[in-house]
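Below: the structure, in structure tokens.
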Amino acid sequence: MATFMLMLDLTVVNVALPDLRNALNADFSGLQWVLDAYALTLAAFLLTGGSLADRLGRKRVFITGFAVFTAASLLCGASTDVLALNLARGLQGVGAAVLFAVGPALLGQEFRGKDRAMAFGVFGGVSGLAIAFGPLIGGALTSGIGWRWIFLVNVPIGVVAIVLSALRIRESREPGTHGVDWVGLVLFSVALGALVLGFLRGEAEGWTSPLILGLFAASALLLAVFVLVERRLGGAGMLDLSLFRNRTFNGISAATLLGNAAGMASIFLEVSYVQNVLGATPWQAGLRFLPLTLVLFVVAAVTGSLTVAVPPRLLVGTAMALMAGGLLAIRLIDVHSGWTAMLPSMLLTGAGMGMFNPPRASVSIGVAEPARAGMAAGMGETFQQVGIAIGIAGFGALFQHRVGDAVAAAVPGLPPGARQAVAAGAGEQVAQGAGALRATVAEAARAAFVHGLSDVLTICAAVAALASAIAFTTLRRSDLHESAVAH
């Protein structure tokens, strides 16, 4: 339940942005922060949430995170201006970070052997369902009963989940618990916040602007200080630095970052293509992605049952290879294609994502002893969210440049603002304002969008292929803690 709510919230808001703009009289910057505030605090507090759970009790922290997320959802739905909404979204991200970090640790605590494998299979499948159905559910709620309900729907679900968690989950914590490493918590959260903010705002502010370079420099400095502090604290610190001497931990972390950068960027751009070039509504776009969704869910469930018998390097490596093939298959589309030309890409990509999530989550916590499961899960989810931020920001910026350059070459007199609008998916609107050049601009915009999508997803495929190579060469079952290996 928590997993579905959280992954849904990453995608459901996008389709409601036009209604939010009109209802709250928000400008572009304000709308951007509706997305960025959540992503920023989510990434910044993942390791913090996992570490606090190990020290203070996983059940206690999990329920607290659910309460924060539910209350913040209520505040989002009740917001009367965009500033209040963005502040509530930031608080929602804090609650989400706790749930993301502690959820896998609770699965690892409750299940062993084949049962654990199946649990992580369901976990991966539910994550994929929420991502794929986000636009569909968001469109239905926004069109049917209003934008506020994309947030308010979380409230009754959250209340039920809190009650069930209180009744069904066993409490657990790290034995011989040290005090909370507050210095480490602050250093790491601020450092990750600066890093993710730099990626989120890089395109808008300029990648070489003083603000963005300053954010990246501050992040690097704070992370360096954090490592020094954690090294001095040893076992009392929030992060076990010895994990970075574990080849499998480093391998799964790199594969997680690269795989999510490529995969989530591709979904973001493909949804934009289906809606803005093929003219699908949010509801129709969600239906178009059902093949990917269904394959992802089925493969995730099957993979969950295989994680005990099949070495993780084979599962993760094959998953990333399938994703690379699916991303490369997008080159089958052309300017005249309908959505069915995307089916080979959807099926392969969905299979890759479905096969990836269960072993990724299982290995991420399996490298650590059970007492540090929250910390390990927090690190794994941190690499995932940083990968998503880097992928959407970096590949999104590259896509905009490719489309803008292609349109400028085809229609030399088109203003820079119009080229940016085409890259944002407003090619039809730009064409309508082009007068006698309407047909030329419309054709150039469509061709530029399709070619830009093909080029960028080809690069995403190369990134996924690199993740596959890393997984095949670094992941070893012998590096996992004995509690993560079935006997």
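Cβ atoms here come from the backbone N, Cα and C positions, even for glycine.
TrEMBL entries are annotated by machine, without manual review.
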Can you check which of 119-141, 372-394 TrEMBL lists as transmembrane segment? 119-141
Remote residues contacting the transmembrane segment (314-333) - C-beta distance under 8 A, at least 6 residues beyond either end: 252, 255, 258-259, 262-263, 266, 270, 303, 306-307, 341-342, 344-356, 358-360, 363, 450, 453-454, 457-458, 460-462, 464-465, 467-469, 471-472, 475
Thinking of Cβ pairs under 8 Å, which stretch from 147-167, 179-199, 289-309 has the most of them with the transmembrane segment (211-229)? 179-199
Along the domain 'Major facilitator superfamily (MFS) profile' (1-479), what average pLDDT does this model show? 83
